[in-house]
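**Student:** Let me begin by handing over the structure; questions about it come next.
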Ligand SMILES: NC(=O)C1=CN([C@@H]2O[C@H](COP(=O)(O)OP(=O)(O)OC[C@H]3O[C@@H](n4cnc5c(N)ncnc54)[C@H](OP(=O)(O)O)[C@@H]3O)[C@@H](O)[C@H]2O)C=CC1
Ligand SMILES: O=C1O[C@H](COP(=O)(O)O)[C@@H](O)[C@H](O)[C@H]1O
């Protein structure tokens, strides 16, 4: 059941001295506090390094000033934070953690509600879940919920093993698997655009849609995460989770009700319809890339193989482009093209829905430039929607020109737009699991991705590095669409300022 009143909870953050806690979690809890969406709460930070409560509170304040950009009531906010130095692999200190939790529960009247937020390396996820149960931290009168960060496994097998471990302590409806893309405003908007507009849903199928393109490009390189990324690559890091989640939202059937269960079950059905690939078909549907040195924003940047903790002969992909086919009645024959990569020319996530030309266009096609109708969903950094239509060119004799109808979130209340983590934390406190991934979605996504990664790992890509930093990726990504008579819509030109 979703609680609508101000939720109360004791939030235990495992990994409270880490990067995620500092950059995302503390500022998000602060914003909920500042907006008075929560008032009865306490946070226990857990990590190994020795810190007093005062030192930890000072770190929290520092994070708010740096990443939330405000300091109103920051002392009062930080006073809700406590610290417990604890090695999560040792069972003894969970007993002290339980004592702290029980004390804070009664001090702040938290009704026994507990959130266990795992902001740590994934190898600890299973142990923590088992220990909090064994040491009695989950024996509480209120709710107990596990919020778990990515990566959720490395393959279907490892994800299954992890899932079985955490299920010994938490039921599926108590597990909140974070996919931060599901907290983004415009990702949440996909359903509304589709299902609240009479003009789209009737056209949302293979009769009217030519292809759908999902691009998530980054300018950042692998930074300090070489150790993790070497074992992950772009396929596991971005496609298995964020990109397939966006595809599921675009492809799913309308749910019969807007409940967590119904929405998830439609997403699962869409993921089940993904066309599986045999080994010898992978190259037909997917291409991979790895960045070389290049120039980005005027500065010289190193290639992937020169990054710290990266093998100088690495076979890891930093770019993926693929063609997904969804073999069901609605989508038969419509390719969903996806691409994502690091060190590309711009930071941008966009969805472009390209509609088919209508026969009338033969009549109006007076110029080679006649534009197909496009619906562009701008996920980030700009947020909004653009619809590209054709209209009469002023003063000419029935010549057409593309025109845009644009909506930008910037113009409304962007300042108050909650960040992804803020929404997701709030949802987990309210018991709304809609924007978290269910095990069935995770399992299907891994099975799909495994068929590609197993093949890629067994074959050395001799062309690596195959794209320069600061570009749109390897040529093979363009060729993938050219084979079908399509091409990528250039995301940098499909902006909300009217350029196309
Ligand atoms: N950073 C980000 O932006 C994102 C991170 N994530 C995920 O979030 C998780 C955390 O990432 P991030 O914050 O970057 O990682 P960090 O390496 O910055 O932080 C790791 C944390 O774990 C603690 N820790 C490590 N070993 C132990 C141990 N044995 N017992 C107790 N505490 C321990 C560390 O503190 P200490 O050394 O004091 O013990 C530190 O607080 C990962 O799963 C990552 O994939 C997901 C998306 C984005
Ligand atoms: O999960 C991840 O996402 C980020 C990209 O997130 P965004 O919100 O900035 O688009 C990516 O950089 C990172 O490698 C990956 O682990």
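In case you wondered, yes, glycine gets a Cβ from its N, Cα and C as well.
OK, TrEMBL features for this one:
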| type | residues | note |
| --- | --- | --- |
| DOMAIN | 12-189 | domain 'Glucose-6-phosphate dehydrogenase NAD-binding' |
| BINDING | 15, 16, 17, 18, 19, 20, 21, 22, 48, 87, 88, 150 | NADP(+) binding site |
| BINDING | 180, 184, 218, 237, 342, 347 | substrate binding site |
| DOMAIN | 192-489 | domain 'Glucose-6-phosphate dehydrogenase C-terminal' |
| ACT_SITE | 242 | active site, proton acceptor |
**Student:** Of the recorded positions listed here (180, 237, 242, 347), which is spatially closest to residue 19 (NADP(+) binding site) when Cα positions are compared?
**Tutor:** 180
**Student:** Fewest other CB within 10 angstroms, which one of the binding-site residues 218, 237?
**Tutor:** 218
**Student:** Between 0 and 100, where does the mean pLDDT of the domain 'Glucose-6-phosphate dehydrogenase C-terminal' (192-489) sit?
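**Tutor:** Mean pLDDT for the domain 'Glucose-6-phosphate dehydrogenase C-terminal' (192-489): 93.
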**Student:** Counting Cβ neighbours within 10 Å across all chains shown, tell me which of the binding-site residues 21, 88 comes out on top.
**Tutor:** 21
**Student:** Given that the record lists 15, 16, 17, 18, 19, 20, 21, 22, 48, 87, 88, 150 as binding NADP(+), what is the largest C-alpha to C-alpha distance among them, in Å?
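**Tutor:** 21 Å is the greatest Cα spacing among the residues binding NADP(+).
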**Student:** CA-CA, which of the recorded positions 15, 21, 88, 242 lies nearest residue 342 (substrate binding site)?
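**Tutor:** Sorting the recorded positions by distance from residue 342 (substrate binding site), the top entry is 242.
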**Student:** Say you check the Cα of residue 237 (substrate binding site) against those of the binding-site residues 15, 17, 48, 88; which is nearest?
**Tutor:** 15
**Student:** Name, in the order they occur in the sequence, the residues of the same chain whose CB lies under 8 A from the CB of residue 242 (active site, proton acceptor) and which sit 6 or more residues away.
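**Tutor:** Sequence-distant Cβ neighbours: 179, 180, 181, 216, 340.
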